[in-house]
Each structure stands twice: as structure tokens, then as C-alpha cells.
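Enquirer: Got these off Swiss-Prot a minute ago, pasting:
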| type | residues | note |
| --- | --- | --- |
| MOD_RES | Tyr95 | phosphotyrosine |
| ZN_FING | 146-196 | zinc finger |
| MOD_RES | Ser205 | phosphoserine |
| MOD_RES | Ser208 | phosphoserine |
| ZN_FING | 270-320 | zinc finger |
| REGION | 377-402 | region 'Disordered' |
| MOD_RES | Ser401 | phosphoserine |
| DOMAIN | 422-541 | domain 'PH' |
| MOD_RES | Tyr432 | phosphotyrosine |
| MOD_RES | Ser448 | phosphoserine |
| MOD_RES | Tyr463 | phosphotyrosine |
| MOD_RES | Ser473 | phosphoserine |
| MOD_RES | Tyr502 | phosphotyrosine |
| MOD_RES | Ser548 | phosphoserine |
| DOMAIN | 583-839 | domain 'Protein kinase' |
| BINDING | Leu589, Gly590, Ser591, Gly592, Gln593, Phe594, Gly595, Ile596, Val597, Lys612 | ATP binding site |
| ACT_SITE | Asp706 | active site, proton acceptor |
| MOD_RES | Ser738 | phosphoserine |
| MOD_RES | Ser742 | phosphoserine |
Amino acid sequence: MSAPPVLRPPSPLLPVAAAAAAAAAALVPGSGPGPAPFLAPVAAPVGGISFHLQIGLSREPVLLLQDSSGDYSLAHVREMACSIVDQKFPECGFYGMYDKILLFRHDPTSENILQLVKAASDIQEGDLIEVVLSASATFEDFQIRPHALFVHSYRAPAFCDHCGEMLWGLVRQGLKCEGCGLNYHKRCAFKIPNNCSGVRRRRLSNVSLTGVSTIRTSSAELSTSAPDEPLLQKSPSESFIGREKRSNSQSYIGRPIHLDKILMSKVKVPHTFVIHSYTRPTVCQYCKKLLKGLFRQGLQCKDCRFNCHKRCAPKVPNNCLGEVTINGDLLSPGAESDVVMEEGSDDNDSERNSGLMDDMEEAMVQDAEMAMAECQNDSGEMQDPDPDHEDANRTISPSTSNNIPLMRVVQSVKHTKRKSSTVMKEGWMVHYTSKDTLRKRHYWRLDSKCITLFQNDTGSRYYKEIPLSEILSLEPVKTSALIPNGANPHCFEITTANVVYYVGENVVNPSSPSPNNSVLTSGVGADVARMWEIAIQHALMPVIPKGSSVGTGTNLHRDISVSISVSNCQIQENVDISTVYQIFPDEVLGSGQFGIVYGGKHRKTGRDVAIKIIDKLRFPTKQESQLRNEVAILQNLHHPGVVNLECMFETPERVFVVMEKLHGDMLEMILSSEKGRLPEHITKFLITQILVALRHLHFKNIVHCDLKPENVLLASADPFPQVKLCDFGFARIIGEKSFRRSVVGTPAYLAPEVLRNKGYNRSLDMWSVGVIIYVSLSGTFPFNEDEDIHDQIQNAAFMYPPNPWKEISHEAIDLINNLLQVKMRKRYSVDKTLSHPWLQDYQTWLDLRELECKIGERYITHESDDLRWEKYAGEQGLQYPTHLINPSASHSDTPETEETEMKALGERVSIL
């Protein structure tokens with residue numbers, strides 16, 4: 001008989017279900033199976049002892065080899081016993097079992113059959129060794145189950161199961177436990193309790209709690225028997241596709257074991273919940289669902305930082321352990337930069353603001369293995385991180401901003417943009433054109449933007465594209481002059497600017513009836529062509545928003561409509577918008593207060609436009625009047641800094657407002673910046689353009705009332721783009737000394753007089769400009785909702801913490817302070833803001849002049865400033881661009897020059 005292997009997983013003598021129960025019974029002293037049966041002697045190899053290990057009713061032959069000193073070690077036997085438990089009965093193993101087991105040798109000749117094994121020399125060839133759990137094992141020992149954490153790359157959004165916050169980043173966002181499958185931040189790895197509940201990978205029983213250096217059995221020494229191979233077919237690394245592949249497959253555990261023992265002895269009390277505002281996407285730690293909203297999304301325990309919904313709070317167990325610290329470091333999830341509200345706060349706003357953030361504030365792409373290595377000592381045990389190197393301040397301090405990060409404030413439909421068009425219809429079809437009378441057969445595929453003629457139904461190669469925006473008309477058969485003699489006529493015609501497509505083939509005298517499948521694959525027949533005509537006609541229709549009322553009839557989109565041309569003030573009746581513009585339903589540019597904005601294209605010129613579609617039946621009369629107010633205001637505004645309204649179409653059910661299409665908005669520019677905020681020189685460039693557009697509005701007694709980065713559009717993707725104001729749904733006609741009281745705008749950017757339902761005037765826009773400057777330079781909102789704005793303004797440390805305001809000039813802070821004035825009479829006007837030293841910058845003036853030269857229109861700067869800046873450049877030794885020199889400017893201080901300058905200055909301040 002050959003010698004047994006060094007260690008082999010046991011082959012249970014009972015079925016699997018009974019074996020697990022037997023293992024649990026085996027770990028109690030005196031529960032052995034009784035006298036050992038006769039064991040056949042096994043021939044031992046040189047330098048080894050062959051014997052059997054018995055755990056419950058499972059018995060395994062093992063081989064004990066000599067160590068490097070030539071002796072036998074009892075530690076080897078303990079190691080074998082723990083390995084068998086980990087492989088065969090992982091649900092029965094626990095951390096530190098190595099120190100909690102006793103070994104007994106069966107001696108049939110003795111009155112006491114079980115003899116305690118005190119040394120490896122007590123084990124003889126062919127003995128049966130019983131593994132028994134010591135009475136020193138406590139209930140807490142069974143509860144301590146450390147996690148096996150590995151760096152993981154997630155392909156879908158995931159949340160930390162300790163703090164509830166989202167795992168940020170593109171790759172290696174966090175750690176995943178291979179035992180229970182839970183996910184954690186790298187920063188939370190040192191705080192999570194050792195409570196792994198999984199059995200995917202349990203190889204921790206052979207670790208000593210006393211620090212004894214144990215010998216781990218290498219994977220090369222393990223051999224599995226044939227019946228057990230199906231259990232071990234999939235390695236732990238194969239169970240998690242996103243796990244980082246490591247050569248040594250080293251795992252990491254959570255907080256120190258002795259701390260878990262201390263915490264288990266503590267008295268558990270009910271949680272103390274307070275309403276909380278979260279700055280990052282967070283899930284409820286009870287139901288694992290997202291805490292929705294922008295502010296006051298849920299409740300958080302003041303002591304242990306447990307997060308949950310308000311509806312889930314009564315169901316949360318009373319298991320709060322309070323604030324747990326070790327070496328001054330808080331082990332409960334940190335407050336980070338969140339804002340704690342009072343208990344009495346209104347929780348209904350979370351339902352009104354249930355839009356999820358569209359933009360992420362950071363992307364963590366770090367090597368977690370290096371971070372873990374820094375926190376390990378030589379023995380491989382986890383050490384507490386250096387508090388000086390913590391990446392997040394856990395308490396509110398003047399050094400770090402505690403304000404809400406800048407985000408897109410959603411008030412209506414969530415901003416979405418689908419990248420790929422959905423196929424509306426596909427199939428074989430034949431056609432010929434006005435330039436080529438040869439009838440061709442292709443596989444047609446219709447989506448929301450074009451008709452693509454593919455070579456076949458499986459490949460990606462195509463013959464031609466027919467953009468829907470280029471289709472001028474879709475009509476039945478009009479002419480048969482191009483039909484060859486004896487050929488069947490076509491079914492319908494697609495007319496574009498350059499060519500006419502004659503589609504389909506109407507078989508007049510079919511030779512024999514064809515089965516349906518051959519008709520579909522051949523692309524001929526009046527029925528097949530009719531289906532294509534209806535599908536294309538439907539694709540050319542204006543977009544019908546979800547939830548809108550839909551009438552009956554195939555020509556619903558050709559209801560009597562009125563087209564109002566803003567440029568020439570012409571009104572045309574019975575004009576269908578689909579004959580002039582093509583609307584792309586899958587290109588959602590955004591949403592305003594009264595409708596969704598889609599991308600579109602002018603059919604004849606190919607010019608890109610933005611089309612706002614409003615379903616009138618969804619809105620009450622008051623909101624419909626606000627829409628008309630927006631159109632009426634835009635009709636009277638013609639300024640390069642204001643978005644251009646081309647025309648408006650109106651049907652009994654819907655209104656289509658056609659505007660120029662721009663590149664993006666200012667908020668997208670801020671959030672996509674490297675630091676999540678803009679440099680000062682770019683902010684000056686953008687703010688100056690906003691102020692010039694506001695000056696034009698205020699000159700016409702128009703107050704925007706909803707000024708925010710989302711409503712500042714960029715004309716291009718250039719680093720220094722032209723900007724235009726849009727979304728005048730809340731705009732009001734307010735005289736110089738007039739006041740209004742109706743509630744308008746977005747709360748995050750509104751002045752306090754509006755929030756308090758007091759009268760407001762045109763200075764309302766100037767408060768919004770101050771907020772825009774603040775969020776552009778810092779990437780956060782300036783105020784918290786739970787504190788009085790006046791008190792926050794007085795607290796300079798709160799308003800301007802060193803991070804990031806230490807990098808920002810004092811002139812910028814001074815301008816913000818003069819704009820964010822609670823008293824309206826102290827708030828800066830447009831011209832006073834433009835004259836502030838922060839905006840009177842030579843480089844900003846040069847950038848604006850370059851923009852004006854590029855556009856071909858001077859509307860931001862004034863000629864009266866040319867001489868002043870040219871003189872400034874000479875005094876400072878700066879090079880003045882030659883192409884910006886104004887030839888009409890005179891360098892002599894003649895009375896005529898002074899009179900001209902005074903006249904120009906009078907024009908500039910005439911609106912004050």
C-alpha cells in the first residue's frame with residue numbers, strides 16, 4: 001500500500017448533509033464516535049508518520065513529515081486539522097481556531113480511550129487522532145470571521161457596504177470580499193468589522209490569535225480526491241471577473257481582531273438619527289436602495305454614522321456601538337464633507353428633488369495594493385493608517401469647504417443623451433433614382449436620424465445613407481417617365497435637394513404567387529413598400545413626448561399650425577414643422593421648465609438647431625402663458641450674448657420653439673475641468689460676457705430671474721468660447737425702480753429676498769452672478785440650506801476656507817462679497833461689476849478682443865478703452881497686438897479727443 005499524501009481533504013463517511021452536522025457535533029469535547037475500529041497498518045515512508053485525523057464522522061489519512069531540524073511538530077498537525085475544516089466544513093470554521101482545538105489519541109487498551117496529545121512524539125504510526133474543540137472557545141470567537149479583500153474593478157456602479165457611499169473611479173474602485181462578496185472603499189478597509197458571512201473562500205482558521213508563527217500549507221501541497229473535484233473547479237479568482245490578478249494572491253483583512261472582541265462586549269443601544277444631506281450618491285444601509293434627492297436625502301446616526309431612509313429607520317436593529325476610535329481614528333464611517341441637518345427639518349424636499357446627480361465629482365484611479373502595503377507591518381497584520389495621511393477631514397473645520405459640491409440642479413425631466421439610435425424598421429427593399437434607372441436591392445435600416453442601405457442583413461458595409469433631415473417630401477407615385485419599358489412601376493418617392501429616390505416595385509402581373517417569406521426577402525410588392533412608406537412617414541413626424549395626448553388618424557402631425565418667423569415677423573399658416581426641420585428624438589439636449597429640447601436640422605440648409613417641444617395639454621394656463629412670455633421676450637432680443645430664436649410652430653396640442661444650437665453649457669465646462677473648477681482667467685472671460693448680455697437685458701427692463709451655469713450656453717468647444725444666455729421662462733419685465741413678488745428661478749442661485757417672498761428687482765440677477773463666480777472658482781455652492789444666509793456671509797472662515805480659496809485672488813473675493821449682499825441697495829449693478837478691478841484685467845481684455853475679431857462683431861469691449869489699454873501695455877513693457885490697434889484712436893490729448901471720449905463714456909453709462 002502506497003504512502004498517503006501529506007494532506008488530503010477528507011472523504012466523509014456520511015452523505016454531505018450529514019457530514020456537516022457531524023462536524024458541528026465533533027467540535028465538542030467528549031462527542032467522539034466511540035472506540036476506534038481497527039485501522040490497517042500503513043507503511044510509513046522514511047522520515048514520516050502516517051496516521052488518521054477524525055473530525056466528527058469524517059476521517060482522513062494524513063502524513064506528518066519532519067521539519068528542517070529533523071523533528072516532528074505538533075503545529076503541523078494543528079495546521080492539517082484546520083485545513084480540513086476550512087475545506088470540508090467552512091461554515092464551522094472560525095478565526096483563531098488554531099488555538100482553540102485539542103488533539104486526542106485513541107488508545108483502545110486504556111480505560112480512558114481518548115489520550116490528550118501534548119507533543120508530536122505522542123503520535124505513533126497508524127494512530128487515530130480525534131480533533132476536539134476546546135471549552136475556551138467563546139461565542140465571540142464564532143462571530144469573528146475576517147473578510148478576504150481583493151482589489152476589484154467594477155463594470156457597473158457599486159456602493160460601499162460600510163459607509164454606503166458610491167465607489168468612485170474608472171478601474172480598481174474598491175475592494176471585494178471573496179467570502180461574502182461585499183464591496184468596500186479602500187479607505188474603509190481598516191474600519192469594517194470582521195463579520196464575513198460567506199463560504200466562497202474560508203482559509204483563515206489556521207491563523208493564530210496569539211501571534212504564534214504558524215506554517216501555512218502551500219497550495220502545491222494540497223491534493224484533492226476525485227469525488228471532491230467538482231467542489232473546487234472554480235478558483236476564487238475566477239468567481240470575480242473584475243478582480244485584479246496578483247501573482248501572490250495576497251488578501252487583506254479588516255480591523256484588528258482584538259478590537260472586535262472588545263466591541264462585542266459593549267452594550268448595543270438604539271441609533272440616534274438626524275436628517276442628513278449627502279454630497280455623494282449613498283445607499284440606505286438597511287434596504288440597500290439609493291437615498292434620492294439633492295438635500296436631506298435620509299437619516300444618519302450621530303454616533304456610528306449608519307445611513308438609512310426615513311421609512312427604514314423604525315426597522316433598523318438597536319445595535320449602535322457609538323463612536324469607536326482607535327489611536328484617535330474614528331472607525332465608524334466619517335462625516336466627510338456632508339452636512340448635518342436638525343431633526344426638525346422638512347423631509348419632503350427629497351421627494352421633490354429626486355433627481356440623481358448627473359456628474360461625478362472625482363475619479364479615483366489609485367493602486368490599492370500600494371496603499372495596503374503602507375499599512376502593514378512585517379508580520380503581515382494590518383496596521384492603523386497614519387491619521388496625518390487621511391484623505392478626508394471628518395469634522396467641519398475652517399480649512400476645508402463643507403459646502404455642497406456643484407452639480408446640475410434638475411427641476412423637470414432628467415438630462416439624458418442616448419449615443420446610439422434605435423432601429424425603427426429594417427428589411428429588404430428595392431429602389432432606383434433620378435440619376436440611375438437601374439433598380440437596386442439593399443437591406444434598408446431606418447433609425448431616428450437616417451435610412452441606411454446595407455449590402456446585406458448581417459454585415460456593417462453599406463451602400464448609401466439618406467439622412468432624414470435631407471428629405472424634403474415623401475409622396476406617392478408622381479411620374480413614370482423614368483420607368484424602363486416593360487418594368488414594374490415604383491410605389492413611392494423620396495425627394496431630396498439633389499436626387500429623387502423611387503422606392504419599391506409594384507408587381508402588376510405576377511407570374512406566380514410567391515410565399516410571404518420570399519416577398520419580404522425580395523423587397524418587391526406594394527404591401528412591403530406601403531409598410532416602409534408609413535415607417536418613414538412616422539420617422540419624419542415631430543416628436544410626441546411621453547404622456548402627451550395622442551389623437552387618431554395617420555396625418556395627426558399635419559394639423560393646422562401657425563409658423564411665426566422671428567427674423568422677419570412673418571406669420572404663415574398651415575405649415576408643418578416636419579417639412580422644414582427634422583427632429584432627432586434620441587438627441588436630447590436638455591430640459592427646461594416647460595419642455596424637452598431636442599437636436600434638429602434644417603432640411604434645406606443642413607443647419608443644426610435646437611427645438612424645444614412643449615405639450616400644451618400637460619401644462620396649466622399659467623405655465624402656457626409663461627412659455628409665451630419666454631417667446632415674446634426672445635422675439636424682442638437681438639444680441640450676440642443672447643441665444644437666437646429662429647421661429648415658432650404651434651398646433652392645437654404642441655408648441656415647437658426653434659433656436660440656434662450651441663455646443664454645451666457653462667456647468668458642463670466647470671465639472672469637466674481638471675479640478676472641478678475654473679481658473680480665474682477663464683472665469684473672468686466668461687463672467688464679462690454674461691455681464692454684457694445682462695446689461696443689454698436690463699437696458700430693456702428685462703430681468704432673467706433664473707441665471708445659472710446651466711443657462712449659460714457655449715458657442716464652441718474652444719478654451720475661450722463665446723457664451724449666450726438662454727431659458728427665459730422666468731424672465732420678467734421690471735423697470736429700474738420696480739419690484740415683483742412672484743416666486744421665480746432655481747433656489748440654489750436665488751437671492752434671499754425671493755426666497756423670503758419679498759419684493760425683488762433687477763439686482764436679483766446680480767446675486768446670481770455672484771453665485772456663478774463662487775461656484776466657478778470653487779466648484780461648490782456658497783451656502784447651506786440649514787443656516788441663515790446672512791450668518792453664513794458674516795463667517796469668512798465658512799464662506800472662504802483655505803482650500804481652495806487660498807489660491808484665489810482677494811479681488812475675486814471682494815467682488816463676490818459685493819454681489820452677495822443681502823440688502824439689495826448695497827448689491828453691485830452690472831456696470832459697477834464690470835468696473836471692478838478683478839474684471840479690469842489686461843489679459844482678459846485681450847482675450848475678449850480676440851473673440852470679437854473671431855466673431856466679426858464688437859459688442860463686449862468698447863473703442864474708448866483701446867487707448868487706455870494700449871497705454872497700459874506700454875507702461876508695463878507688454879507687447880500690444882498690432883492687429884488690435886485702433887487706427888481711429890488719437891494719441892494726442894486734444895479737446896476734440898476728450899469730447900469724443902466723454903461722449904462714448906456717456907453712451908456706456910446711459911443705462912445707469
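Just so it is clear, glycine is given a Cβ too, placed from its N, Cα and C backbone atoms.
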Enquirer: Are any of Tyr502, Ser591, Asp706 (the recorded positions) within 10 Å of Tyr432 (phosphotyrosine) when you go C-alpha to C-alpha, and if so which?
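Expert: Hits: Tyr502.
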Enquirer: Can you tell which of the modified residues (Tyr432, Tyr463, Tyr502) has the fewest other C-beta atoms within 10 angstroms of its C-beta?
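Expert: Among the modified residues Tyr432, Tyr463, Tyr502, the lowest count of other Cβ atoms within 10 Å belongs to Tyr463.
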Enquirer: Leu589, Ser591, Val597, Asp706: which of these recorded positions has the sparsest Cβ neighbourhood within 10 Å?
Expert: Ser591
Enquirer: Determine the Cβ neighbour count for Gly595 (ATP binding site): the number of other Cβ atoms within 10 Å of its Cβ.
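Expert: The answer is 24 other Cβ atoms.
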Enquirer: Looking only at the domain 'PH' (422-541), how are its residues distributed among DSSP helix, strand and coil?
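Expert: Split by secondary structure, the domain 'PH' (422-541) comes out as 24 helix, 39 strand, 57 coil.
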Enquirer: Here's one to test understanding: among the recorded positions Ser448, Ser473, Tyr502, Asp706, whose C-alpha is closest in space to the C-alpha of Gly595 (ATP binding site)?
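Expert: So, spelling it out, the nearest of the recorded positions is Asp706.
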Enquirer: Among the modified residues Ser448, Ser473, which residue has the fewest other Cβ atoms within 10 Å of its own Cβ?
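Expert: Candidates: the modified residues Ser448, Ser473. Fewest Cβ atoms within 10 Å: Ser473.
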Enquirer: What whole-number Å value do you get for the CA-CA distance of Leu589 (ATP binding site) and Tyr502 (phosphotyrosine)?
Expert: 34
Enquirer: Measuring Cα to Cα, tell me the gap between Tyr502 (phosphotyrosine) and Asp706 (active site, proton acceptor) in whole angstrom.
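Expert: It is 51 Å, counting Cα to Cα.
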